[in-house]
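Peer 1: The following feature annotations were taken from TrEMBL:
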- 79-142: domain 'R3H' (DOMAIN)
- 167-198: region 'Disordered' (REGION)
- 185-195: compositional bias 'Polar residues' (COMPBIAS)
- 232-262: region 'Disordered' (REGION)
- 232-256: compositional bias 'Basic and acidic residues' (COMPBIAS)
Amino acid sequence: MLLFAQAKKSRKLCACAAFTAAAAVSGLPYHSKMADLLGSILNSMEKPPTVGDQESRRKAREQAARLKKMEEMEKRKKAEFRKKMEKEVSDFIQDSSQQKRKYNPMGKIERSILHDVAEVAGLTSFSFGEDEESRYVMLFKKEFAPSDEELEAYRKGEEWDPQLAEQRRRLKEQAALEEAASSQTKTSQACPNSNYRDKYSHLIGTSAAKDAAHTLEANRAYGCVPVANKRDTRSIEEAMNEIRAKKRQKREDDTGAHGSSS
């Protein structure tokens, strides 16, 4: 503090000397500008830290140190937990008598670490449980992967029983067969007893329209032209000569009619 005060005093003296020299050169009155100059110099100078500022800075440093220590501790705990899980997973893989392993409920961070370790080890892992506090992890070996029915039982909070699951599967298949049989019975009961063809035979006849079309015969009262008579057996030259003759005959008839009228 003493050194700071001495430095402040020396800066004031230097500022006063500089101001005196500037006033002498410019011809400005000394006493009229002295107060403004000193005020601006004092405002621009950094004030010494007070006791309150020092205390707040000390608390901030202590808090930062505590946070850093907590982060290092959390990091160390995660590393230790991961190392522990790696050892347990390795023991589980080497134990041929175990097909799956169930862990006690754990936090979200621990579950994520366990899932990562299981994935690296080539295992299948699932999390079950309704609440966050009750969620746990189960590991399965690849050759003993769980079925959909087993996963559904774990999601419901039930224990998996293969025999009970087989009984449920058989009951489900039997119920499906019974439902299919009942649907067929209802369909057969819905069929009409009589055929609409027989019911409306007096309107539509007893034979189908396509079959009846082959048996239709032309009414000779309206005339019937054989197919052979519909074909033109003339050649192109004969047809053209006949057309020219008809045109020539028409012109002659028109000329004769014109002459007789005149």
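For all residues, glycine too, the Cβ spot is worked out from N, Cα and C.
As the structure is a computational prediction, the values presented were derived from the model and not from experiment.
Map the listed features onto the structure and describe their local environment.
Peer 2: The residues of the domain 'R3H' (79-142), classed with DSSP into helix (H, G, I), strand (E, B) and coil, number 31 helix, 13 strand, 20 coil.
Taken residue by residue, the region 'Disordered' (232-262) breaks down under DSSP into 26 helix, 0 strand, 5 coil.
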